[in-house]
Amino acid sequence: MAIINMSDLDLQGKRVLIREDLNVPVSNGVVTSDARLRASLPTIELALAKGAAVMVMSHLGRPTEGEYNSEFSMQPVVDYLAKALSCTVRLATDYLDGVEVAVGEVVVFENVRFNKGEKKNDEALSKKMAALCDVYVMDAFGTAHRAEASTNGVGLYAPIACAGPLLAQELDALGKALDNPARPLVAIVGGSKVSTKLTVLESLSGIVDQLVVGGGIANTFIAAAGHNVGKSLYEADLIDEAKRLVANAQSRGGDIPVPTDVVVAGEFSPTATATLKSVSDVSDSDMIFDIGPDSAEALAKIIESAGTIVWNGPVGVFEFDQFGEGTKRIAQAIADSKAFSIAGGGDTLAAVDKYGIADKVSYISTGGGAFLEFLEGKELPAVAMLKKRGA
């Protein structure tokens with residue numbers, strides 16, 4: 001089933017309602033990180049260039065639903081967009097019963113979470129939003145995994161529902177990485193807990209040629225291999241699960257390699273002293289915070305031979321430089337690789353920024369939870385809705 005793309009539509013004189021992910025950090029009324037806003041600009045500019053009357057909506061933060069709270073107002077986003085687009089951008093506070101918007105104009109709706117029923121995908125609210133437009137554009141990959149009124153319900157009732165360029169790019173990149181990858185396909189999954197990424201690990205272990213685990217997740221696999229992990233964060237109740245995942249990968253000719261050397265310390269602190277040890281020499285008082293140089297080189301070799309790389313999560317506590325060498329080496333290997341690479345998730349993007357490899361990664365996903373759910377093999381509610389409307 002084909003999804004309609006906004007770029008293929010004639011929008012001249014049309015009222016176009018775009019759902020973007022403009023959920024950005026704001027401090028004292030000023031946007032402090034504009035990555036999501038920058039990512040949304042080409043879609044808004046394209047709608048204007050196509051002669052549309054443009055309405056934009058998003059959530060911002062986690063206000064109490066149905067209650068106005070100035071702390072979560074879209075005003076700072078409106079100010080940013082007015083500068084970035086070099087045109088007048090208005091904030092509409094009461095818009096559900098109709099809003100005046102002219103061709104060539106941009107109106108941003110106040111925080112959609114100020115509307116009661118937004119998160120429950122309320123039908124009446126969805127229909128009111130749909131009545132405001134001729135064309136609804138879903139462009140917020142970061143919220144595509146949530147079935148809410150502004151991301152899902154509105155699209156069921158709008159005259160036309162389509163994917164914006166940003167969402168289309170995300171789906172193309174993820175499809176290229178997972179549905180039809182150039183092999184070998186290597187996935188790097190980091191993070192603190194196996195439990196939060198278990199479904200991802202299960203899904204990926206069935207399709208990748210090599211699965212690399214890092215961070216606290218790796219500690220559980222180290223313990224499963226029979227090594228002492230000392231006071232490290234790990235999940236004893238998931239050791240059998242880790243063994244099963246390794247066996248599953250090996251049965252397909254792949255593997256989930258366990259680090260041979262690790263970087264440990266006696267405490268979790270920015271000033272903790274880092275000590276390099278063989279994985280078999282970890283003491284009861286040690287905490288593992290990174291992989292060692294031998295392990296990092298072995299993983300770099302796996303990455304260098306890859307045809308496709310999916311990266312979600314650092315392999316160490318890279319926020320502290322003494323525990324960042326493993327993640328830095330992985331980042332460098334991805335940057336040097338000729339493979340198609342996709343990176344996603346907040347910590348991963350922070351590592352991409354820290355090690356300056358953004359322009360060397362083929363595609364950087366804007367979605368956190370949505371990226372993970374896609375890796376889990378789930379169909380995202382927004383995508384299901386767009387397929388239904390495109391049929």
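Placed from the backbone N, Cα and C atoms, the Cβ positions cover glycine too.
Worth saying up front: this structure is predicted, and the values here are computed from it rather than measured.
Shown in sequence order, Arg36, Ser40, Ser58, Asp139, Ala140, Phe141, Gly142, Thr143, Thr366, Gly367 are the residues of the chain, 6+ apart in sequence, with a C-beta less than 8 angstroms from the C-beta of Asp21 (substrate binding site). The substrate binding site feature in Swiss-Prot is assigned to Asp21, Leu22, Asn23, Arg36, His59, Leu60, Gly61, Arg62, Arg113, Arg146; the stated evidence is sequence analysis.
Under DSSP, Gly345 (ATP binding site) is assigned to coil, being neither helix nor strand in the three-state scheme. Its own atom aside, the Cβ of Gly345 (ATP binding site) has 23 Cβ atoms within 10 angstroms in the protein chains shown. Residues annotated as ATP binding site in Swiss-Prot, with sequence analysis given as evidence: Lys197, Glu319, Gly345, Gly346, Asp347, Thr348.
Of the recorded residues, Gly346 (ATP binding site) and Arg113 (substrate binding site) place their C-alpha atoms 22 Å from one another. For His59 (substrate binding site), the nearest neighbour among the listed binding-site residues (Lys197, Gly345, Asp347, Thr348), judged by C-alpha distance, is Gly345. For Asn23 (substrate binding site), the spatially nearest entry among the binding-site residues Lys197, Glu319, Gly345, Asp347, Thr348 is Gly345, judged by CA separation. Pairwise Cα distances among Asp21, Leu22, Asn23, Arg36, His59, Leu60, Gly61, Arg62, Arg113, Arg146, the recorded substrate-binding residues, top out at 18 Å. When the binding-site residues Glu319, Asp347 are compared by the number of other CB atoms within 10 angstroms of each CB, Glu319 has the fewest. Listed in sequence order, His59, Leu60, Gly61, Arg62, Pro63, Glu65, Phe72, Lys119 are the same-chain residues six or more apart from Arg113 (substrate binding site) with CB atoms under 8 A from its CB.
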